[in-house]
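**Q** Got a structure for you, questions after.
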Amino acid sequence: MLFFIKVFMKTILSVLLLFFIFASSFTLVVGLAGCRPDQIQALTQFKNEFDSSDCNQTDYFNGVQCDNKTGVVTKLQLPSGCLHGSMKPNSSLFGLQHLRYLNLSNNNFTSASLPSGFGNLNRLEVLYLSSNGFLGQVPSSFSNLSQLNILDLSHNELTGSFPFVQNLTKLSILVLSYNHFSGTIPSSLLTLPFLSSLDLRENYLTGSIEAPNSSTSSRLEFMYLGNNHFEGQILEPISKLINLKHLDLSFLKTSYPIDLNLFSSFKSLVRLVLSGNSLLATSITSDSKIPLNLENLVLLSCGLIEFPTILKNLTKLEHIDLSNNKIKGKVPEWFWNLPRLRRVNLFNNLFTDLEGSEEVLVNSSVRLLDLAYNHFRGPFPKPPLSINLLSAWNNSFTGNIPLETCNRSSLAILDLSYNNLTGPIPRCLSDFQESLIVVNLRKNNLEGSLPDIFSDGALLRTLDVGYNQLTGKLPRSLLNCSMLRFVSVDHNKIKDTFPFWLKALPDLQALTLRSNKFHGPISPPDRGPLAFPKLRILEISDNNFTGSLPPNYFVNWEASSLQMNEDGRIYMGDYNNPYYIYEDTVDLQYKGLFMEQGKVLTSYATIDFSGNKLEGQIPESIGLLKALIALNLSNNAFTGHIPLSLANVTELESLDLSRNQLSGTIPNGLKTLSFLAYISVAHNQLIGEIPQGTQITGQSKSSFEGNAGLCGLPLQGSCFAPPTPQPKEEDEDEEVLNWKAVVIGYWPGLLLGLIMAHVIASFKPKWLVKIVGPEKRKEDNPVRLFMTLDSRWDSFNNKKNVEQKSDM
């Protein structure tokens, strides 16, 4: 009976503690009901050590597991990005000494060293601490974690060596990649009896490695050593690890070529990565020996000049990457007959043609085909029936887009940009719009109108048909593409009005209409805000748009009103799979230059209305677009003042307001824009002093020319220099006569004065010495005195003028 009372009281205490801890959030965390009160308190204290406002109570404690019998915390897995701040050396986390599983990866810990307190958690079997920004060496206390099976410290800033692993005898997976570890690999590492996976990529490791004496004693199956600084004969000991299934030796920086025959004994090897290494030429022929079970072979940037015939023997090959080499000529016909070939990357070589019948490619099993950046010419080949991704940009293909492309119902990405294709865009592209995500036909010679073919449920996210000869109007069926993010039809002959109707697309981020025949107003009929929900790039330059912009035009541009996204890794059109990355490209007139911008950040915001016939005042609401990087309103007919609110656009790097009819002064607040690298207000009607800030005075004079009333650097030194008097032409004759009279009266007096001075200097009469005194200072020269008074009078007048202007 006493036992049941104790259990009951223990449960009551746990529930009461839960109530008091979480009453303010009105959230019942059921998962903690089996945890002891002291354990719940430790978890709560750990949470309170950080700013955890990005996650709610439920998210935080969903990753907690407690032992059903003892109530101690055995598992803690926090959601990514939940914690902000630095981890204390005496954190309450280290009091949870019964933890067996701990995952704190991808949080926002302030850069600091790894606390040695982790060594107190000696029951840990799994520890994930990747992507947290930890600095310095791994504490020696980590050698106490003798029960560890999995240790992941990848994607941090850790340094030094890692001798602590020699005591981790139960370790099966060790991930230390993407750090700054240096020195040699400990000799004891490969002798760990249970080690099956080792990832040391992207460090500064040197020397060689020492493999176990007996090849059967190593259980190592996955080994990743790429991007280090090994100098010695590292391949010889690796060749003894015959149980390997995955091996990455990319960019080893060794001084000798790699012989593929070294891997002939790897009967289980299915993935081999040798990118960035020189290969022994004789080892890539069909006579060489290579593991026949290979499914994935990556030979990127290996300096190859001939197609490796060793591939003939790899009947199980699924993925081959030969990109960034110098292979020339034709792709051999036998290559497409490899029965399990799925992914082929031939990017950036010197290929000119495909050998054999086009049916060989059509009937192949290839799903991902990258032929981009080669010298292919002639008609574009019919793609494989099984194709998912087809990239052939930057070649010299000619003729029409094959209609057979439309029969590839699983095609998701089609990129045929930068070729010489002609004819219309096939209407049959609608046949696979339920799979099509990207259509990029940029910079060809395509004609006709853009097909109005999109129906409900279309998955299209990117449509880029810029730099063609397209006519007609924008297809209204684009409204059915609810996932559309990027639309570029620039440099065509499309004749239409501004597509206000595209505001209905909830995810549209970039709209480029540059250099077409668009016309009419760009203000909504109700004169309200334009208000695209997520639009960040709006390029409509060099059209025939007219009218004025209402004061609230830039209100409710939600995406562009936000501050810059600090995550610089996210790009528009970043539709990637493990083997291919597609990124949108946009042409920008930026910092006075016209450039093609690849890898456009989702946080990037730019507006270009230049080269139209827009008039009226520039709306003050432009200052709401805090994420704006570039603003170009040049070559229009804008009037009025430059908006003072531009000083609020703190991310602005490029501002072009040239060739308008703007008046007034340049706002002084522009000099506070610390990122402003380019500004042009040339050829307006501006007056007054140019703001004297480093970002502005460092600009070229041409950025301010054509404004008669502007002064100050970089045009001239000061706006307040005294004017130089210019004689009037009608007074010149009179002045000449006056000077003649002065000279005639001057010379006799001058001659008499010189004679008297000579007498005084020679004889020094005592009466003169008594009057003047031998040490009495000389009086000011009357001419110099007059010039001094005149200078002070000018200074007084200048000061008075400045005060009057400042009062105005």
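Note: Cβ is positioned from N, Cα and C throughout, glycine not excepted.
So Swiss-Prot says this about it:
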type     : residues : note
CARBOHYD : Asn56    : N-linked glycosylation site
CARBOHYD : Asn90    : N-linked glycosylation site
CARBOHYD : Asn103   : N-linked glycosylation site
CARBOHYD : Asn108   : N-linked glycosylation site
CARBOHYD : Asn144   : N-linked glycosylation site
CARBOHYD : Asn363   : N-linked glycosylation site
CARBOHYD : Asn394   : N-linked glycosylation site
CARBOHYD : Asn407   : N-linked glycosylation site
CARBOHYD : Asn420   : N-linked glycosylation site
CARBOHYD : Asn480   : N-linked glycosylation site
CARBOHYD : Asn632   : N-linked glycosylation site
CARBOHYD : Asn648   : N-linked glycosylation site
REPEAT   : 96-120   : repeat 'LRR 1'
REPEAT   : 242-265  : repeat 'LRR 7'
REPEAT   : 266-291  : repeat 'LRR 8'
REPEAT   : 364-387  : repeat 'LRR 12'
REPEAT   : 388-407  : repeat 'LRR 13'
REPEAT   : 408-434  : repeat 'LRR 14'
REPEAT   : 436-456  : repeat 'LRR 15'
REPEAT   : 457-481  : repeat 'LRR 16'
REPEAT   : 505-529  : repeat 'LRR 18'
REPEAT   : 532-556  : repeat 'LRR 19'
REPEAT   : 626-649  : repeat 'LRR 21'
REPEAT   : 650-673  : repeat 'LRR 22'
SIGNAL   : 1-31     : signal peptide
TOPO_DOM : 32-740   : topological domain 'Extracellular'
TOPO_DOM : 762-808  : topological domain 'Cytoplasmic'
TRANSMEM : 741-761  : transmembrane segment
**Q** Drop a 10 Å sphere on every Cβ of the glycosylation sites Asn108, Asn144, Asn420, Asn480 and tell me which sphere holds the fewest other Cβ atoms.
**A** Asn420
**Q** Please list the DSSP helix, strand and coil residue counts for the repeat 'LRR 18' (505-529).
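**A** The counts are 0 helix, 6 strand, 19 coil.
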**Q** For each of the glycosylation sites (Asn103, Asn363, Asn407), count the other CB atoms lying within 10 A of its CB, then report the residue with the highest count.
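**A** Checking each of Asn103, Asn363, Asn407, the winner is Asn103.
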**Q** Out of the glycosylation sites Asn103, Asn363, Asn407, Asn480, Asn632, give me the one sitting nearest to Asn420 (N-linked glycosylation site) by CA distance.
**A** Asn407
**Q** I'd like to confirm something. Which of the glycosylation sites, Asn363, Asn394, Asn407, Asn632, Asn648, has a Cα closest to the Cα of Asn103 (N-linked glycosylation site)?
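**A** Its closest listed neighbour, by Cα, is Asn648.
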**Q** Helix, strand, coil residue numbers for the repeat 'LRR 8' (266-291) per DSSP?
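**A** Result for the repeat 'LRR 8' (266-291), in helix, strand, coil order: 4 helix, 4 strand, 18 coil.
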**Q** Drop a 10 Å sphere on every Cβ of the glycosylation sites Asn90, Asn394, Asn632, Asn648 and tell me which sphere holds the fewest other Cβ atoms.
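**A** Taking Asn90, Asn394, Asn632, Asn648 as the glycosylation sites, the minimal 10 Å Cβ count falls on Asn90.
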**Q** Quick one: DSSP breakdown of the repeat 'LRR 22' (650-673) into helix, strand and coil?
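**A** Residue counts in helix, strand and coil order: 5 helix, 7 strand, 12 coil.
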**Q** Across the repeat 'LRR 15' (436-456), what are the DSSP residue counts per state (helix, strand, coil)?
**A** 0 helix, 8 strand, 13 coil
**Q** DSSP helix, strand and coil counts for the repeat 'LRR 7' (242-265)?
**A** 4 helix, 4 strand, 16 coil
